[in-house]
Amino acid sequence: MSSTTEAITGGRLMVELLEEAGVEIVFGYPGGAILPFYDELYHSKKIKHILVRHEQGAIHMAEGYARSTGKLGVCIATSGPGATNLITGLTDAKLDSIPILAITGQVSTDAIGTDAFQEADIFGITIPITKYNALIKKADDLSRHFEEAIKIAMGGRPGPVLLDFPKDVQLEKTTVRKATSLKIAPHHYERPKVKGDPQEFAEALNQAKRPLLYVGGGAINSFASAEIKALAEKANAPVTTTLMGLGAFPGTHPLSVGMLGMHGTAYANKAVLECDYILNLGARFDDRVAKYQDFAPNAVRAHVDIDAAEFNKRINVDYILHGDLKDAIREILPFVKGGDRTSWIDNIQSLKKNHPLDFDNSGDSIKPQDFLHRVYTKTKGEAIVSTDVGQHQMWAAQYYLFDKPNTWLTSGGLGTMGYGLPAAIGAKFGNPDKMVICVTGDGSFQMCIQELATIAQSNLGVKILLFNNNFLGMVRQWQELFYEERFSESQWTYNPNFVKLAEAYGIPAMRIEHKSEIDKGVDFFLKDNGSALIEVMIPAEEKVFPMIPAGKSQQDLIEFKDLGKLKK
Ligand SMILES: Cc1ncc(C[n+]2csc(CCOP(=O)(O)OP(=O)(O)O)c2C)c(N)n1
């Protein structure tokens, strides 16, 4: 515990606490109720502020920064509309377990509850979408709330926290500064001891003839990639990852079967049906993966998670280990035996051979799957990739193989269109030396398109790969397959000229439409470290396969080759 003798304002103290915690960058947008804090931020030499074009952009940038660096992401908004513009991002961060600190201005304490100008009860509104939130009523309370907030955001299962900061409290003087050991670095805070019996846990795995590891986003938050690889190799067990877990296990590893679930590979989903043991490592049996209680019907089920609330929440399991994934796997590993799993691995290989990812690449039009594969090859799989939500998101998940954690940024739980562009910007600020590519669709791109100005203003080298089908493609796909081709309100009868639009923001841009232009397009797109937009025109009727229809499970998976049957 430390305490200052000199009285400073709440606003000044907030800046000092952020600096002390190691915050180097914040994303925000000022307004009346947060001005005293911004006035103090003006003097900070340690914190860089990125002025965005919309508060939703700020919070998704903070998310992209956090996911790609493992650190806390910080965003700032004024009271009322500024604060409510953060709500989608807070919900997104809650569902995907991303550590975010949101600081919002609030009307002065004497005006709270009077419907004052730009008053919104952001504390009340955000109770269900934050891990912790607080209305700071006195400057004396600030350091206590601040410490609590970042400890909770970063500790255990990460998530968003919000500090609502009334204007008079920003101006009020305090000498109280009780925060200790502030750090935004991951794994800084004490981790709970692993609870459960790792030996019994490992025995169940040892007895399995057909084990499958099912890895989720928790593996990224726990920095457990090395341990997962060691476990898979020691047990000779194939590994599937969720959408959020991509990169936690190398996509190019011979034991990888890629992503499972609604648009996962056929071989991963078939492995789920055939395995006799499934080990969930930091995933949550999400309904896009495990719709019904008969998930992995022939398997003994085991689950490791840091959040005890996840155990037996949706799918019942036989073995539980509660704790940080990295620590838990380290405890299991000594008890794991190799075992001969040749026939299981051979079976997996033949599933891969007989049920590959597939699409029709004939004709002159450019197929997004092919284009993504070219970008993957050209970047040697080393880019950080963010996506928006829709078909392009699933194609990117399928055709860009991720070998490293923290390189895949997507809105998994909430499915937030508008996430991709700002998330890429946040990731680029956190990783200036890496190539960052935003894969987007013509619908999603227009939801946070204003952040092109942030790229231009900061002279950032963010690449934008825009697949234009002049449709809300994923909606169209469902309407084609399940609503007898009634394309109700999914077609854009007007779209802007995206090339001219990007150029208006000083971003070099190009449109391609024919197969013969692919090489030229890829070269243009990736030629240097600067920003670029490539608009790739794709057929509206192109679909994402495999697909497990909504409400169905692994048994009902439709592969590309089954499409004919489906349409009869
Ligand atoms: C904010 C928001 N509104 C609506 C949806 C529902 N939705 C899911 S995918 C999709 C279509 C996305 O279209 P586009 O961005 O063009 O991508 P495409 O599917 O064509 O690749 C829609 C409308 C959503 N996920 N998020």
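Counting begins at 1 with the first residue displayed.
Glycine too: its Cβ is placed from the backbone N, Cα and C atoms.
Applying DSSP to the domain 'Thiamine pyrophosphate enzyme N-terminal TPP-binding' (9-123) sorts its residues as follows: 56 helix, 21 strand, 38 coil. What TrEMBL records for 9-123 is domain 'Thiamine pyrophosphate enzyme N-terminal TPP-binding'.
Counting residue by residue with DSSP, the domain 'Thiamine pyrophosphate enzyme central' (199-331) contains 43 helix, 27 strand, 63 coil. Under the heading domain 'Thiamine pyrophosphate enzyme central', TrEMBL lists 199-331.
The annotation domain 'Thiamine pyrophosphate enzyme TPP-binding' is assigned in TrEMBL to 388-536.
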Structural state census, the domain 'Thiamine pyrophosphate enzyme TPP-binding' (388-536) (DSSP three-state): 63 helix, 27 strand, 59 coil
